[in-house]
Structures are given as C-alpha cells and as structure tokens.
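Here's the structure, in structure tokens; my notes come after.
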Amino acid sequence: MIIEPKTRGFICITSHPEGCEKSVLDQINYIKSKGEIQGPKNVLVIGASTGFGLASRITSAFGSKSATIGVFFEKPPAPGKTASSGWYNTAAFERIAHEDGLYAKSINGDAFSNEVKEQTIQLIKKDLGQIDMIIYSLASPVRTHPVTGVRHKSTLKPIGGTFTNKTVDFHTGEVKNISIEPCTQEDIENTIAVMGGEDWEMWINALKKENLLSDGFKTIAYSYIGPKLTEAVYRKGTIGKAKDHLEKTAFTITDSLKDINGKAFVSVNKALVTQSSSAIPVIPLYISLLYKVMKEKGVQEGCIAQIHRLYTERLFLDEVPTDSEGRIRIDDLEMRADIQEEVAQLWEQASTETLPSIGDLEGYKDEFFNLFGFHYDEIDYSLDTEEMVDIPGLQ
Ligand code: NAI
Ligand code: NA
C-alpha cells in the first residue's frame, strides 16, 4: 500500500516500514562507526522499540555484540493497516542483528503484567541463562497494577497552582498560552504508580528470585530534569514526583543486589523529540528553541549519540561519574549555562511569527515525522510498500 502520515492530536497513527528501517539503520551505522564498546553481553531492554530504549538496544547489540531481548507494547500490522513504528523499528533491528550473527528476540505485551515478566523469565532460562544488564525505558500513560488490578492513569499537571505559559502546536506552528489546572493528590499517586519505580523493582526482584542476574549485574532507568521554564509542569509537577520515586528506587534496588555486586543507576537524559515528549505541554516549544541553540553551538545530540556517550563516558568506566544525588548526567550539554540563558531569552521572544526563525520548528517536525518513518529525502513515499512486515525473533 501507499503509506502517508496521518496525525491525530499529537500522534501519528500510521508509520512507514522503510522509513523506520532507515532510522534504525542510521543509528546502527552511527554505533558501528564509533568502534567497539566494552559493554554488556546479555541485555534485557524493557521499552525497547522506540526512543531511548531502542537506542540502548542498538548500542548494546552493535557496540558490544550483546545478545538482546526486547520487551515493548506495539501494534502489529494488518492487511491495509500499518503497524506502529516500534514494530517496524524492531523488525528492522532484528533482521540486521540476525544478519550480523547476533542473538535478538522480542516480546510484545504489557511489561507491567505478571504474564510478560513470566514469559521473559522463561525465555532467559531457555536461551541466555543469565542477564548482565537491564535497561528500563518505559514511557506509558497507563498501568494496570498486577497485584490490585487497578488501572492507574498518569497526568502531566502542576502541583499547588495553575500553570500558565507558552506552548506550540508544532503541526500548525501556532504559539499560544495554555493554562493547566493543578493536580489532585490522587493524580500524584497515579502518576507515581505508572512512571515511578515500582515496576522496575518488580522486574529486578522477579528475575533475581530465579537467579537470572549475573555477578556484577547493572540496571539503568532514564529520568529528566530540564530547565526552570518547564519546572512547574515537569520536574515539580506530577511527572516529576514519579521521577523522584524512580530515582529513589535505584537505591532500593542497589541494596537488594549487594550479594551479586549489582548496582542500579538512573541516567538523566537530554530533552529529545520522542512519541512521549511530544505529548507533554510546553516541552515541544522548549525543544524547538533548545535544538536551535544546541545545533548552532555544534552540541546537538539525538537518542543514539546520548546513549553512546552514556556507555562510553559514564556507565562502563571503573568509577561511574554521578551528581550529588547519585545520578548519571548526560543532560550536561542541555543544561550548560550559556545554552539555558539563550533559550530563556528566545522564550521571551517566541511567538507564532518569530518561532520559524528563532526556533528549530522545521527540525522538530522532521524529527517527529522521522519517528514514524516519514520525512526522509531518500525514500519515495509515492511507491507501494509492503505493510505486513514480521519481526523475525518475536516470541
Ligand atoms: P518512547 O515513547 O519513545 O518509548 C517508550 C517505550 O515503552 C516503547 O518501546 C513502548 O513500546 C514501551 N512501552 C510503553 N508502554 C508499555 C507497556 N505497557 N508494556 C511494554 N512496553 C511499553 O519514550 P522515550 O522518550 O524513549 O522514554 C523512555 C524513558 O526516557 C522514559 O522514562 C522517559 O521519561 C525518559 N526520558 C525521556 C526524555 C525525552 O525527552 N524524550 C528525556 C529524558 C528521559
Ligand atoms: Na524507549
């Protein structure tokens, strides 16, 4: 079929298999061009199909020849209907990994459930024996709790007072004010239940109980801090409470891994265009200004460059460098004082009229559509494309 982008609200509901393959191939080539990494050998990536999780899977496999198991929640294709982009990304990743002789298998289902954990345990027992690293990179709006059965919904709201600021609809380029009403105590608890550390800890406990974690095991989850501009709705809002919880959970997990010399880390990553971040109010305007400044200064990084730097300059050093809270920081370039000052100045000037020149709105849009395999010059989107693509190692 001929596949074109179709957007609904913030998301794109179609995706292009060849475009997704290109985005995966670009990331693989980036990692291959950087040479071998002394990294993990048997890796489980939870949230492996897009964004930082996919970049972590690619870096593990093509940087340090890891065997990888990927867990994700993606929509398979149906005749005349495209799969979600994470499906096509994984199909491309596994095909190329297998051609290179690498072990790569995947599980598509709800990572929060007992069933998917059990299925993963069985697969590790059968194929790998033990795992030496788990990357936890889920971003989800909902979680059904495996013990209580309660379906928690996360929110992106300020705490204590109404938040009013600028935002952009990046599809139309319109900059306008939005106001977000403060959350309730329940919103905070629900957001922590979805995006906090409880499920991460459940995964580690489940695998440890079965003796599936090797000596010196590492696990890492991703967090975000960001600037003053977004603080009320991000780091000091409901999602920030969940990130506080996630960061605290790293210490709890580390305590539980003492007998196998294991350690849990949180890495604070840079703001990037992903399916998740596009849905957060205010963040797209911030990112379009940030990209402009970082590109001008020659320090812009995408997911794959971020994770490559995480592996080579942080996580696998003898001494892992962290901040005073014990967190790894790869948001250092985003948070540089000169960059933040410029973004704050541009923020003041940002309007529908000025944004195309003072911000990287086009770059934002291209990256957004790239997530779904669109806006690549190399691909002729007028041609017929096979939508029924299989993931070779899907369980
Ligand atoms: P993403 O939306 O690209 O990836 C989310 C992944 O989770 C996908 O693989 C998806 O299939 C999977 N997933 C979602 N619900 C699932 C479920 N119930 N069961 C199994 N898999 C499920 O998101 P992104 O942006 O890569 O986020 C990953 C982590 O990085 C999050 O913790 C996020 O807060 C963090 N982060 C993101 C930043 C950004 O600017 N995008 C910046 C810093 C941290
Ligand atoms: Na991810």
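From the backbone N, Cα and C atoms, a Cβ is placed for every residue, glycine too.
Caution: TrEMBL annotation is automatic and unverified by curators.
Annotated active site, proton donor per TrEMBL: Tyr234, in sequence order. Here Tyr234 (active site, proton donor) comes close to Leu156, Tyr224, Gly226, Gly240, Ile280, Val282, Ile283: these same-chain residues lie at least six apart in sequence, with C-beta atoms under 8 angstroms from its C-beta.
As annotated by TrEMBL, NAD(+) binding site applies to 47-52, 73-74, 110-111, 138-139, Lys243, 272-274. Taking Cβ-Cβ distances under 8 Å and a sequence gap of 6 or more within the same chain, the neighbours of Glu74 (site 'Plays an important role in discriminating NADH against NADPH') are Ser49, Ala83, Ser84, Gly86, Trp87, Thr90, Asn108.
Annotation source TrEMBL lists substrate binding site at Tyr224. Taking all protein chains in view, 21 other C-beta atoms sit within 10 angstroms of the C-beta of Tyr224 (substrate binding site).
Under the heading domain 'Trans-2-enoyl-CoA reductase-like NAD(P)H binding', TrEMBL lists 2-77.
Per TrEMBL, the feature domain 'Trans-2-enoyl-CoA reductase catalytic' maps to 81-316.
For the domain 'Enoyl reductase FAD binding' (322-384), the DSSP-based tally of helix, strand and coil residues reads 27 helix, 2 strand, 34 coil. Among the features that TrEMBL reports, domain 'Enoyl reductase FAD binding' is placed at 322-384.
Here TrEMBL flags Glu74 as site 'Plays an important role in discriminating NADH against NADPH'.
Ligand 1 lies within reach of Gly47 from the recorded positions Gly47, Tyr234, Lys243, Val273, judged by a C-beta closer than 6 angstroms to any of its atoms. With a cut-off of 8 Å between CB atoms and residues at least 6 apart in sequence, the same chain places Gly53, Val71, Phe72, Ala111, Ile135, Tyr136, Ser137, Leu138, Ala139 near Gly47 (NAD(+) binding site), listed in sequence order.
Only Gly47, Gly51 of the recorded positions listed as Gly47, Gly51, Phe73, Glu74, Val273 bring a Cβ under 6 Å of any atom of ligand 2; the order follows the sequence.
In the domain 'Trans-2-enoyl-CoA reductase-like NAD(P)H binding' (2-77), helix, strand and coil residues by DSSP number 31 helix, 15 strand, 30 coil.
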